[in-house]
Amino acid sequence: MKTGMFTCGHQRLPIEHAFRDASELGYDGIEIWGGRPHAFAPDLKAGGIKQIKALAQTYQMPIIGYTPETNGYPYNMMLGDEHMRRESLDMIKLAMDMAKEMNAGYTLISAAHAGYLTPPNVIWGRLAENLSELCEYAENIGMDLILEPLTPYESNVVCNANDVLHALALVPSPRLFSMVDICAPYVQAEPVMSYFDKLGDKLRHLHIVDSDGASDTHYIPGEGKMPLRELMRDIIERGYEGYCTVELVTMYMNEPRLYARQALERFRALLPEDER
């Protein structure tokens, strides 16, 4: 089972620490968080991309994906006026360009909250318009775009497997895929494996965390309530061959290396010996 480190937890340290830790601790790849100060797409365009490419080479660490910050600060393609929407889409396009240049396997985005007063027809119309434009760009440059469903604490747009199916049906692009952060279905009493059943080969990536079942908090494996050992057995038996990013975000920023080590060790302990 291939593992990825998410760099968001290292945001108060130089990004080289994330590459170094991923290499030394034994992660198989790295998922780059696209927020300041590390890898904000406009900063990469201004020259920072050279450092990212150099670090990947120095530490021999594959960049499995690039995840620009699209959940509302300051970019959210689902909320605000046309100027705000246009800025968000332009940033995501730039992020795809930067992902292409750093040889990332995908660009991962989400449909953040569309606002409490926005009716469903407006939400889905805006999502379809956004994804159509982004997928056309992705097809033109040869970049896979992954749409991540969020928890209902974070969004009111794409939050479950059926929402993903709806989005994929609205924009049937060969470059559009989805994934599952296993916290999202768990807090909604939705079976994680239903994503595998419903999405098939459109399921491109996994974020592995533990969950308390009552919030969007991402815990290290073993700190929450999820039956992770049994879940990973099912995922392996289903034949999943992609990466599993152990997605530690802001909860563990005070000691990212220590928690990244602990998270990886606990995750691997969940797996059969031949998958570790």
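Even glycines carry a Cβ here, placed using N, Cα and C.
In the record from Swiss-Prot, residues E148, D181, E247 bind divalent metal cation; the candidate from H113, H205, H207 listed for the same site is H207. Checked against E247 (active site, proton donor/acceptor) by C-alpha proximity, the recorded positions E148, D181, H207 yield H207 as the nearest.
Across the structure, H207 (divalent metal cation binding site) and E148 (active site, proton donor/acceptor) are spaced 10 Å apart at their Cα atoms. Surrounding the centroid of the Cβ atoms of E148, D181, H207, E247, where the record places divalent metal cation, the chain contributes additional residues within 8 Å, namely M179, V180, I182, C183, A184, H205, L206, V209, T245. E148 (active site, proton donor/acceptor) sits 8 Å from D181 (divalent metal cation binding site), counting Cα to Cα. There are 22 other CB atoms within 10 A of the CB of E247 (active site, proton donor/acceptor), with all protein chains counted.
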